[in-house]
Each structure stands twice: as structure tokens, then as C-alpha cells.
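Notes follow once the structure below has been shown.
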């Protein structure tokens with residue numbers, strides 16, 4: 001994985017453009033997400049553990065919003081010899097190019113179809129595992145339920161969805177507390193007040209977090225009857241839903 005340091009927002013910018021997963025971001029993404037998302041490494045490792053437990057032979061796995069391929073690699077390490085196929089999708093050409101380099105660095109008997117495209121257009125079928133790792137929050141809110149419905153329909157009985165997201169809270173004091181804890185996490189990882197402020201402005205219009213209640217209601221309404229929050233650190237969470 002690329003280990004270049006994230007300094008994208010280190011200098012003052014008069015105009016802050018909306019955040020996008022362009023070549024600049026792709027080049028520092030590993031560092032950016034490690035320093036910005038508490039528990040990211042644990043989430044990635046546990047996705048691999050879920051794959052070991054739930055992926056059935058001759059089925060498909062979908063990594064929707066695969067970025068540099070961290071989840072795909074974690075899954076692939078755990079499912080050797082099962083004759084499965086991973087479909088890894090991202091709409092950023094820069095991310096896909098770097099993801100391909102990361103995949104090529106490891107030998108595996110599990111095929112990966114790396115697709116540069118919109119996850120909303122992907123046909124999901126014969127799936128034992130679908131991963132949405134900090135991806136749903138970037139879709140327009142009105143498109144999220146349709147995607148969850150498509151995932152549910154494409155999962156085999158007993159298959160799972162792992163959904164990781166930044167979350168918000170209806171309780172205002174809790175929202176403020178955990179948001180401040182997250183900012184302290186970023187400060188402790190070397191981000192300046194300028195970097196934090198400018199990135200927040202860049203994300204404001206493109207990332208719209210939901211509450212845990214909204215996530216659970218959406219999953220339940222589309223048919224998932226088994227749901228649990230399995231990880232939370234501050235305002236970041238990962239959930240698992242079983243069909």
C-alpha cells in the first residue's frame with residue numbers, strides 16, 4: 001500500500017473544492033484513512049475474519065467502493081481454495097489503478113474482477129459477502145435504500161453485508177462529544193487545525209452520514225432480519241447484517 005504522507009490540506013486554500021477521490025487523494029489514501037478513521041485496521045482485519053466464516057465455495061464477493069483494495073486483500077487472504085470470485089468496484093480511475101498495483105503484489109488463487117464504475121450499476125448475484133466500507137455515506141441519500149435492496153436480493157441465504165460508516169447522533173450532546181473525540185484523534189495523528197478545518201469544508205457537501213437507527217431501519221425494511229453493530233469508535237461504526 002502507498003505510504004506517502006497526506007498533506008493535501010496543509011496549506012491555506014482560498015477556495016475549498018468538494019472532496020473527490022482523485023489522483024492526489026489516491027496517492028496518500030492509505031495514510032489519510034489510517035490517521036482519520038479510528039479502528040480502520042481492525043475493521044479491515046475483521047472483514048477478512050467474516051469472509052473466512054461466511055464465504056461459501058463457488059460464490060461471489062463484492063467490495064463496493066474498494067478504494068486501494070484493503071478489504072479485498074483481507075478477504076482474499078482468508079478464502080484460498082474456495083473457487084470464489086471477488087468483484088471490486090470503485091468509480092475513481094486513480095483508485096482503481098493503484099488498487100490493481102496492490103492486488104498484483106500478492107499471489108492468490110482467488111480471481112478479482114476490478115471494475116471502474118458506479119456501484120449503483122453493478123449486478124449482484126450469487127453473493128456470500130458484500131462489503132460497503134465507508135462508501136454508502138458518499139451516495140445521495142435517496143439512492144441508499146435502492147442499493148441496499150439490490151444487495152439483499154443478490155445475497156444468498158446466510159450471506160452477509162458488512163457496512164462501515166461514519167455516523168451521526170440525534171442526541172446533540174453525544175454528537176458534540178464524539179465529534180470532538182474524533183477531532184482529538186486526528187490531532188493526535190498529526191493533523192493541524194488548518195488541515196482539519198479545510199478537509200471538513202471539502203467533505204461538507206459530499207459526505208452525508210446517517211444515524212445508526214436510520215441504518216437499521218433501512219436494512220430491516222429491505223429484508224435483513226439479523227443485524228448488529230459489531231464495532232464503534234467515536235462516530236465511526238461497522239455493522240453486520242445476515243440474510
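Cβ from N, Cα, C; glycine included.
As recorded in Swiss-Prot:
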type    : residues                                   : note
BINDING : 40, 65, 66, 67, 90, 91, 118, 119, 133, 200 : S-adenosyl-L-methionine binding site
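Taken residue by residue with DSSP, residue 66 (S-adenosyl-L-methionine binding site) is part of neither helix nor strand, so it is coil. Counting every protein chain shown, the number of other Cβ atoms lying within 10 Å of the Cβ of residue 90 (S-adenosyl-L-methionine binding site) is 27. Comparing local CB density within 10 A for the binding-site residues 40, 66, 118, the maximum falls on 66. Of all the Cβ atoms in the protein chains shown, 25 others lie within 10 Å of the Cβ of residue 133 (S-adenosyl-L-methionine binding site). In the three-state DSSP reading, residue 118 (S-adenosyl-L-methionine binding site) counts as coil. Secondary structure at residue 40 (S-adenosyl-L-methionine binding site), taken from DSSP and collapsed to helix, strand or coil, is helix. Spanning the listed S-adenosyl-L-methionine site, residues 40, 65, 66, 67, 90, 91, 118, 119, 133, 200 have a farthest Cα to Cα distance of 25 Å. Reduced to three states, the DSSP call for residue 90 (S-adenosyl-L-methionine binding site) is strand.
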